[in-house]
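Q: Below are the features I grabbed from Swiss-Prot:
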type     : residues               : note
ACT_SITE : Cys128                 : active site, proton donor
BINDING  : Lys34, Asn35           : phosphoenolpyruvate binding site
BINDING  : Arg104, Asp319, Ile341 : UDP-N-acetyl-alpha-D-glucosamine binding site
MOD_RES  : Cys128                 : 2-(S-cysteinyl)pyruvic acid O-phosphothioketal
Amino acid sequence: MICGSKTKSYLKSQNLKILGQGKLNGIVEISGAKNSALVLLASSLLTNEKIILENVPFLTDIEKMGNILKNLGVNLVRKNNQLEIDPTTISIKELPYELVKGLRASFFCIGALLTKFGEAQVPLPGGCNIGSRPIEEHINGLIALGAEIIIEKGIVKAKIRGNKNRLHGTHIKLNCPSVGATETLIMAASLAKGRTTIENAAREPEVQDLCQMLNKMGAKIYDSGKETIIIDGVNKLGGCTHKVIPDRIEAGTFLIAAAATSSSITISPVIPHHLEAVTNKLQESGSKITIKGNSISIKSKEIKGVDIETAPFPGFPTDLQAPFTTLMTIANGESKITETIFENRMNHIYLLNEMGASIKLNKNVAHIKGVKTINGMNLVGSDLRSSAALIIAGIIAKGSSNFYGLEHLDRGYENFELKLKNLGVKIIREISKNTFEENGYKIESKSENLSKLGAA
């Protein structure tokens, strides 16, 4: 039987087959941060000069953003993990719905297009189905900067108010430290006239990475990484070469996978202080963490239950709540997981319970009693991070599991199963010739293996 919401239907050509109770051993090369690369791509719209981005991961979300830029007229050339971006050929300021419907980060483009060209039209965004992620903070901030905005038939239409040709600096206080709103408003303010102050700004590393790149381009942004960011608008921005920071969420996912399997691995390159909230909790749960330069090593045996509560950076990241929940299912004792960022990010718990976990869910709080083992089964991921959590569950489970929903996983993890295989996990990506329907799902059968199970 396959479990999950019966309201959804999956008909995909690939799935992962996982043999459980595996161990991890070795070194993991961490990719560039997806959430940073996406906003850096959007920020390239602010200049008329070439941008070179290094350490850009191969992900479907990156491909979607690239297609959005190409549709605007931007010329993109990829050489391995390097992207050369030439925005001098931009010809339109409107984003088509068919390109943005599955990518929430597409909305970042509105701030850049508006401040550079004086107008922009961007459909309301899509992305992971993890609850409401409203854009009111973006809209209110742009209005404060001098934009006139209307929303018609799902399209946000923005232009600079009156006869002015530039946005104007202002003071903005965000109701919550929204990463997306902070990034959108930083881009818009970078070419505005005068000083903009953003209070209660997001402090995430990805925001800091954006500010560092914009400053390389000639922006004047101060105090990124603090609760109040100051931007002095400039007349124009130039080109630059910038290396995307390592993906702290991917790094944390592998650390949690190692802890869940009582394994020892090293991850590199990373920026250790970006992961401090995660490594502190892993240490509290019984793992030994060693930091050396830009690498982190973990050695884990028995895990004990600990409580976590998600919070904006530097707190425990919401994107690692689901993987950490999987870890706690087999921990000694009890634990409590509290999700404070998104209201619909606990879907993985139902599947974990089907595998044999003991979790009671009360709204946004999961109460977990650790069990000795969970059992493999057919699994369906409903979003990016729950997919990673369920794959970790398949690795620690007794027996085999089939994971469906790779369209979610491939949005944010570069070569995930290959990296796991290199660590010793017995996992393969299968391609299917036929399908059958069970419990409301189209399930693949008669699969052809893309790689040998357990091969490095």
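Cβ coordinates come from backbone N, Cα and C, glycine included.
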Q: Cα-Cα separation of Ile341 (UDP-N-acetyl-alpha-D-glucosamine binding site) and Asn35 (phosphoenolpyruvate binding site), in Å?
A: 16
Q: Please report the number of other Cβ atoms within 10 Å of the Cβ of Asp319 (UDP-N-acetyl-alpha-D-glucosamine binding site).
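A: Its Cβ has 23 other Cβ atoms within 10 Å.
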Q: To the nearest whole angstrom, what is the C-alpha distance linking Arg104 (UDP-N-acetyl-alpha-D-glucosamine binding site) and Asn35 (phosphoenolpyruvate binding site)?
A: 11
Q: Can you tell which of Lys34, Arg104 has the most other C-beta atoms within 10 Å, given these are the binding-site residues?
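A: Most Cβ neighbours within 10 Å: Lys34.
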Q: Please list, in sequence order, the residues in the chain of Asn35 (phosphoenolpyruvate binding site) that are at least six apart in sequence and whose C-beta is under 8 Å away from its C-beta.
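A: Sequence-distant Cβ neighbours: Ala105, Val179, Glu206, Asp247, Ile249.
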Q: Under a three-state reduction of DSSP output, how is Ile341 (UDP-N-acetyl-alpha-D-glucosamine binding site) classified: helix, strand, or coil?
A: coil
Q: The record names Arg104, Asp319, Ile341 as the residues that bind UDP-N-acetyl-alpha-D-glucosamine; what is their largest Cα to Cα distance in Å?
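A: If we measure all Cα pairs in Arg104, Asp319, Ile341, the largest is 16 Å.
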Q: By a simple count, how many Cβ atoms lie within 10 Å of the Cβ of Ile341 (UDP-N-acetyl-alpha-D-glucosamine binding site), its own Cβ left out?
A: 19
Q: Express the distance between the Cα positions of Asp319 (UDP-N-acetyl-alpha-D-glucosamine binding site) and Lys34 (phosphoenolpyruvate binding site) as a whole number of Å.
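A: Each residue's Cα considered, Asp319 (UDP-N-acetyl-alpha-D-glucosamine binding site) and Lys34 (phosphoenolpyruvate binding site) end up 12 Å apart.
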